[in-house]
Each structure stands twice: as structure tokens, then as C-alpha cells.
Amino acid sequence: MNYVTRPRLVVLDGLRGVAAVVVLIAHTLAKLRWPAFPSMLAVDLFFMISGFVIPFAYEEQLKSGLSAARFAMIRFVRLYPLYILGVALGLIPHIIWAWYEGVWRLRIPLVEWLLPWGLLLLPKPVPEPEHSFMLNPAAWSLFLECVVNALYVLVLPYLTLRLLGVIVGASAVTLAIAASLFGGLNFGTGGWELTWGLARAGCPFAIGVLVYRLWQMRRLPDWQFSTLLAPVLFLLTLALPTGLTSWAVVVFFFLVWVAVQSSPGRRATQVFTWLGDLSYTLYMVHYAVLLTVQTAGLKEGLPNTALLLGAFPMTFVVAAVAGRWYNRRARTILVGRFGLRRERVEATRAL
């Protein structure tokens, strides 16, 4: 079975969408200064799903001649258009500030954040995590995902099941050490924490690859599960106490297996497909939309609560429009420019 004929992993797509909505809710509540919503494990689920879907879509091709450079081009076409849109939208609040406070304020984001860090998806070398990806704060996880993807391609020729088990064990120990140092899994977003962030991304990604290998080799029980079990299990996992969050990767192993063993009906498939199509776009643009509406409204003296409650549904609209009208066209242009085959670019669908 190749990348053209492989079926879409609908429930995994839906899980990714649910996780993106969870992140949006958490950031909205944070800006409202309402009680915190536990969302940090959503990103760890992203990493594990990626660990399953990347080999599902590309491992056979990488083993049979798809070069690392070509794979990098495919991932660039898949990820960069929406990332750079998030960066561009992230400039808008600073333009609003410049309009009210003086044009000189715009120099800092333009010179220090956008060039070269923003354009190249590189963390700005500053000690404060919140300033590493200033124009698109969600980019920290995308940066780590790209690093882990590159490491996966490099070790793939030697990646036996035994070596994969060693990598999972070593990365799990490293993740446990990091979790004890930081008091949970809420780390790795930038600054000096990015080094530890590799453990946060690498461990769930490696576990995702392990689930894929075991599933491919039919070493996992061929049970069928309710379509709702995976998303419900994920939402319950969010309630884990901070000190126990490192155990979420164990739960997520079972969760990914449940997802790939689920067979949704027609309506559930439509919902999960919609969530999957929306997930990456929503994740990349949501913060800029929230901040833009909040900044513009506060400058006009509007109440913060009304602004953010209005920005919440607006984020879905912006994500849907960006995915349909911008992202598809951008990918079409880049596919032609790089001489790629569209089906390879679309193989990971919601990623």
C-alpha cells in the first residue's frame, strides 16, 4: 500500500482537531484572566500523533528511494505556508501599537523578530521562553517537530524495533528527569528550555513511531473501539494533576492505538475530517487573531471580555478561510515550483 492508496486516519485527525481547540480555549481563558484550562498535554498529543502519521505516510517511500532533501521539501510545502501566515498575522498587533504609539515601535518586531528568526522558523536566542517565537508563539512546537522529523529520517536506515525500543526508553527517562525539574510537562517553549523541549517532543514522537511499527506488524490486539473513546480519553487525561503529567505519554500510547482501531460512521467521519482539516490552521493562526482583536479593541476602550468572547468564534472563521483560500493555493504554487507530486504532499493530510 503506497501513499496514494493509504486511507485517511480519520479519528487521529479528529483528535488533532480536538487538541487544537483545547489550546485555543486555554489561550482565550488566559487572556480573559479566568481560571486556567489544562491544555499543555495537547501539544504532547500532537507529537505522538505525528510519530505515528509520519512513518505511516512516508516510511515506505523513504526506505525505497525518497531522499531526505525531497522529504524536507514535502514537509516545507505542508507546513510553511500556514506558519508564515501566522507570522504575518502576528505583526498586526504591533502595527496597531505603532499606529497609536509611534512608528518607532514597529522597528523591533520587524528587525529583531521577523528577520531572520520569523522567516526561517528559528528561535530568537534569548533566555526568556516567551520571546523566542514572538510573532507566532505556537511555532515552538513546530520547530521541535521539524527537528524530530529530521532526526527520524537520519536514523531510519538503522531503526530496528530493538533500537526503537532503546530510543523510547532513553527518551522516556530524559522526559521524566525534565518533568521533575520543571514540575510537570509545561516546558520547552523557548529560551534555554528548548534543549529540554527536544525530550518533550522526542519521547512522544518515538512512542508514536513504536505504535505504528507494532500496529503495522500486527503485534497489537485487533480490537475495535467506540469512536468516542479516544477523544473522551484525551479530555480526561487533561485533568491529570501536574505532578503526574509525565505519565500522559503512557495513556497516549493506548489512545493512539484506540484511534487507529476505531471505525467511525458517516457523520462522525465528517466531523473528524473537518476537525482534522482545521487543526493545523487553527493552531497556527489562533494566537495572532486573539491578540489582534484584543489589542485593537482595548485601544478603542472596549471591554476585554467582550473582545475575546467575540474573537473566539472569529478564530474559527479565519482558520477556515485561510485553509480553504490561502493554504490550498500556496501549496499548489510550491508543489509546482519544487516539482513535487501532490499526493505526497497531501499524504499526512491534517499535519
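Even glycines carry a Cβ here, placed using N, Cα and C.
Because the structure is a prediction, the values reported are computed rather than measured.
What TrEMBL says about this protein:
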type	residues	note
TRANSMEM	9-30	transmembrane segment
DOMAIN	12-322	domain 'Acyltransferase 3'
TRANSMEM	36-58	transmembrane segment
TRANSMEM	79-100	transmembrane segment
TRANSMEM	138-156	transmembrane segment
TRANSMEM	163-182	transmembrane segment
TRANSMEM	227-260	transmembrane segment
TRANSMEM	305-326	transmembrane segment
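Just going by CB pairs under 8 A, the stretch in 9-30, 138-156, 227-260 that sits most against the transmembrane segment (305-326) is 9-30.
The stretch from 36-58, 138-156, 163-182, 227-260 that makes the most Cβ contacts under 8 Å with the transmembrane segment (79-100) is 138-156. Distant neighbours of the transmembrane segment (36-58): 3, 6, 9, 12, 15-16, 19-20, 22-23, 25-27, 29-30, 66, 71, 74, 141, 144-145, 148-149, 152, 184-186, 200-201, 204-213, 215, 234, 237-240, 245, 248-249, 252-253, 255-256, 260, 344, 347-348, 351; these residues of the same chain sit at least 6 beyond its ends, with a Cβ under 8 Å from one of its Cβ atoms.
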